[in-house]
Amino acid sequence: MSEIRTLGEFIVAKQHDFPHASGELSSLIGSIKLAAKIVNREINKAGLVDITGASGEENIQGEQQQKLDVYANDKFKAALEARDQVCGVASEEEDEAVAFNKELNQNAKYVVLMDPLDGSSNIDVNVSVGTIFSIYRRISPIGTPATEEDFLQPGHKQVAAGYIIYGSSTMLVYTTGNGVHGFTYDPSLGVFCLSHENMQVPKDGNIYSINEGNYIRFPEGIKQYLKFCQESKPEDNRPYTSRYIGSLVADFHRNLLKGGIYLYPSTQAYPNGKLRLLYECNPMAMLIEEAGGKATDGEQRILDIKPSELHQRVPFFVGSTNMVDKVHAFLDEWRD
């Protein structure tokens, strides 16, 4: 039997990657791990208790909040505030960033941005959902409340990013800039165990993930790329396979393991794209680049975009390097 390495043990062993770290980042990820266990427990019994469905409230984007969105947001926020490594949190579910006011929190080095429950509308049909998180070092002075500028940093400033996928098994996948590592939750032991070390996305793939129901509203370059994907060319492994779950974490996770591309382009309804730069695109972009892939908005690298507002949206193309490059070629050829 091979040695079991838990998430906590792995993080401690990797602390030498941060010569100036004193354990705060490791403890911060421990807070995320704790909240993930709590949310996972609630998701697993969602069909048995009155926690699925709409809460009756809307978030800043005008989207109907699900009850579990609110629950997950509260649990992650509470777990992060309870320890002294985080001075503030920005969430897709909150209009503004939240600065933690306790003195210990104001002395913290980090801020966290999160989508507490991505794909939550799928819960009542038992489809995988997830949590996405992003960690930055604050730029405001230590000992003062966090400011909005702490959160409006380009993605290449992230010190860590990751996601938790709640599915047939629950996994936590994260990077601190030294590889992408996945941990599977063992409910009998109550721990996340290392199951996927140094994850790498294949340079090529044959899976494309896009909501083809929006086809008539896509830019011409995307329409032409989809035709390319569907053409029969056995010599270069086409036609490709269409796989779209409607949960970013689930689609991303599959493509990371098998090779593929996830596309959410601009549409007539969402000319700037629909996905949030800070809560979804930046953390996934850091992960995919660490795994050897690419992430762009169709024109530039996602991690180079300087955000102008907390809930900024962008088009998003992420996955295997050669597939992202091919999308760019079509967008360039058919650009207005």
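Glycine is no exception: its Cβ is also placed from the backbone N, Cα and C atoms.
Per Swiss-Prot, the features are as follows:
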{"type": "BINDING", "residues": "E92, D115, L117", "note": "Mg(2+) 1 binding site"}
{"type": "BINDING", "residues": "D115, D118, E280", "note": "Mg(2+) 2 binding site"}
{"type": "BINDING", "residues": "D118, G119, S120, S121, N211, Y244, Y262, L263, Y264, K274", "note": "substrate binding site"}
List every residue in the same chain as Y262 (substrate binding site), at least 6 positions away in sequence, whose Cβ is under 8 Å from its Cβ.
S209, I210, L248, D251, F252, N255, F316, F317, V318, G319
Rounded to a whole number, how many Å is the Cα of E92 (Mg(2+) 1 binding site) away from the Cα of E280 (Mg(2+) 2 binding site)?
9
Cα distance (Å, whole number) from D115 (Mg(2+) 1 binding site) to E280 (Mg(2+) 2 binding site):
7
Would you list the other residues of this chain near Mg(2+) 2 - those whose C-beta lies within 8 angstroms of the C-beta centroid of D115, D118, E280 - in sequence order?
E92, M114, G119, G130, T131, I132, L248, V249, L275, R276, Y279
How many other Cβ atoms sit within 10 Å of the Cβ of S120 (substrate binding site)?
26
About how far apart, in whole Å, are the alpha carbons (Cα) of Y264 (substrate binding site) and D115 (Mg(2+) 1 binding site)?
17
Taking DSSP as the reference, which of helix, strand or coil describes E280 (Mg(2+) 2 binding site)?
helix
Assigned conformation of Y262 (substrate binding site) - DSSP reduced to three states:
strand
Relative to the Cβ of D118 (Mg(2+) 2 binding site), which residues of the same chain, six or more apart in sequence, are found under 8 Å away?
V129, G130, T131, I132, Y163, S247, L248, V249, E280
Once E92, D115, L117 are set aside, which residues in the chain still have Cβ within 8 Å of the Cβ centroid of the Mg(2+) 1 site?
D69, A72, N73, S91, E93, M114, P116, D118, S120, T131, I132, Y279, E280
How many other Cβ atoms are found within 10 Å of the Cβ atom of E280 (Mg(2+) 2 binding site), counting all protein chains shown?
27
